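TrEMBL lists 11-253 with the feature domain 'G-protein coupled receptors family 1 profile'. Taken from TrEMBL, the feature transmembrane segment covers 30-57, 63-86, 106-131, 151-170, 202-221, 233-255.
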Amino acid sequence: LCATGTAVAGENALVLAVLFYTPSLRAPMFLLIGSLALADLLAGLGLVANFAVRYLLRPPSEAAELAAAGLLLAAFSASVCSLLAITVDRYLSLYNALTYHSERTLGFTCAMVLLMWLLCLGVGLLPLLGWNCLRDQSACSILRPVTKDNAAVLAVTFLLLFALMMQLYLQICKIAFRHAQQIAVQHQFIATAQATSTRKGLSTLSLILGTFALCWIPFAIYSLVADSSYPAVYTYSLALPATCNSLINPIIYAFRNPDIQKSLWLACCGCIPSTFSSRPRTSSDV
C-alpha cells in the first residue's frame, strides 16, 4: 500500500502539473479532472503517511493515527465524489447540449467543487472529533480507527453513489445512442459506421463502470460484514485494488483526453504528433 501510494501521488501530481501550467485547460471539465487528481494525490500521500504512522513512528501517536485516517477518509471521499461530479457533468453536457456551455460556467463549477471538498473535509474530521474506536477496541472496524457503525454508513453511502453513477451512465448511453441515430439519418451514414460508434461508446462506459466496480465494491461489501477480528491480510488484499483505482483514474479520465495528451507531448518533446485530430473535445465525448 505504501508503494502504491507513492505511485498514485506521483502520477496524479503529473496530471495536476499539466492542468496548472496549460492555460487552455481551464474549462469546467478540466477543473473536475483536476479535483479528481488532487483527491487521488492526497489519497496517495495518505497511504504513505498511514504507513509511516503505523510502522515508523515510535512511540505510536494517537493524534497522528487519527490525522492519517482522517486524510485517507477525506481524500477517498473526494475521489469518489469527483467521479460522481464528472459523471453528472457528462450527463448534463448531453442532456442540455444546447445550453450546457452557458449554464455550466467556470465560476459555478468552482463553487460546486469547493462545496464538495468542504463536505469531504468534514468527513475526514470525524475521527478527530471523537468518531473513533481508540478507547474501545471491540468497536473497531477493518478501517481502524473507524468504528464498525461508521464504516457501515460509509460503505452503504458508497454503494448508493455507485448505483447513482450507474444510472447516470445508462442515461448517457441512451442519449448518445439516440444522437448517433439522428446523425446517421441526417448524414445518411451506413449502419455499420453507426454500430461501430455505438460499440465504442459502450466499451468506454463498460471500462469506466467496470473498473470502478471491481476496485471498490468488494472492499465496500467486506466493510459491511467484517470487523477488526478478521485477519488483516483479508483487509489488505481488498484495500489494494481500491487504492489502485486512484492509479487507474488518471489513465481513464486524464491521459486519454486529447488536449492533455497534446500538453504532455509539448512538455516532453516540444512537439505534437500529426496523428492528433484537430477537432475540439468536450465532456460530451463518451
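Cβ coordinates are placed from backbone N, Cα and C, and glycine is handled just like the others.
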Stretch of maximal Cβ-Cβ contact with the transmembrane segment (202-221) [cut-off: under 8 Å; candidates 30-57, 151-170, 233-255]: 233-255
Taken over the domain 'G-protein coupled receptors family 1 profile' (11-253), the model's mean pLDDT: 84
